[in-house]
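Single-structure report; data block below.
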Amino acid sequence: MTAPWADWNHILKLDPDKDLPDDVTYGDLLATGTDAIEIGGTMGMTEENMAAVIEACAEHDVPLYQEPSDPSVVVEDDALDGYLIPTVFNAGSPFWITGAHKEWVRIDGDLDWDRTWTEAYIVMNPDADVAVLTEADCEISAEDVASYATVAERMFGQEIVYVEYSGMYGDVDVVEAASNAVSESTLFYGGGIHDYDSAHRMATHADVIVVGNLAHDEGVDAVRETVEAANDA
Ligand code: 1GP
């Protein structure tokens, strides 16, 4: 079976802890042409705020994935196409590599494996909540990132490698190095994409670009530009 993300260029990531701009609805954002929605964030996640965003997106015909930050916020909802579970390859705390995952399995037992995948994160912005929480080692070179990407693909069979600069625009050379390192995994890039050019530059190297804050800070037109850039690249 072809992976769902094989044909994606653009993901819109919605943070249930953040508001949308005035006059912008989830429906407006889902109509931008984005290929999929990921619902998740690092801080302030609850089952309730996750469920509210899932419900608001459910009536629209865009693939919908939850990206739970920890087992306590997982929402079981048929409206979801599945779960994309982060595992942070450069985390300082093993809890964020396999520990949280072990807890989820321990608590819930048999997960919905046909709808559950992992994303091999390499976290690069030391100031991002995700870096602080996971104690990620962000002082790493493009060569290190490329090597993590190879480890993820070749040793751990990860279908998705995710270079994550959440909150800042990343180093294009790092993303290019990660892109050159993977041949089968799909490369996601996220962080600081804010317009056509910033989207296009990263989409030249990454298979899929992930846009987050822009939806909450700017709204529909800005997001639509990034979708166009992702499709043009
Ligand atoms: C965050 O990679 C995403 O997990 C997107 O980052 O919010 O900086 O766009 P931004």
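From the backbone N, Cα and C atoms, a Cβ is placed for every residue, glycine too.
Annotated features, as they stand in TrEMBL:
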type	residues	note
BINDING	K13, Y162, V163, E164, Y165, S166, G167, G192, G212, N213	sn-glycerol 1-phosphate binding site
BINDING	D15, T42	Mg(2+) binding site
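Feature annotations (TrEMBL) mapped to structure.
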residue: K13; record: sn-glycerol 1-phosphate binding site; Cβ within 10 Å: 22
residue: D15; record: Mg(2+) binding site; Cβ within 10 Å: 20
residue: T42; record: Mg(2+) binding site; Cβ within 10 Å: 18
residue: V163; record: sn-glycerol 1-phosphate binding site; Cβ within 10 Å: 28
residue: Y165; record: sn-glycerol 1-phosphate binding site; Cβ within 10 Å: 23
residue: G167; record: sn-glycerol 1-phosphate binding site; Cβ within 10 Å: 16
residue: G212; record: sn-glycerol 1-phosphate binding site; Cβ within 10 Å: 22
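Listed binding-site residues: D15, T42, V163, Y165, G167. Those with a CB atom under 6 Å from ligand 1: G167. Recorded residues Y165 (sn-glycerol 1-phosphate binding site) and T42 (Mg(2+) binding site) have their alpha carbons 13 Å apart, per Cα-Cα distance. In this structure the C-alpha atoms belonging to V163 (sn-glycerol 1-phosphate binding site) and D15 (Mg(2+) binding site) are separated by 18 Å. Mapped onto three states, the DSSP output places V163 (sn-glycerol 1-phosphate binding site) in strand.
Cα of K13 (sn-glycerol 1-phosphate binding site) to Cα of T42 (Mg(2+) binding site): a distance of 12 Å. With respect to their backbone Cα atoms, T42 (Mg(2+) binding site) and G212 (sn-glycerol 1-phosphate binding site) stand 12 Å from each other.
In the three-state DSSP classification, D15 (Mg(2+) binding site) falls within coil. Rounded to the nearest whole angstrom, the C-alpha distance between D15 (Mg(2+) binding site) and G212 (sn-glycerol 1-phosphate binding site) is 8.
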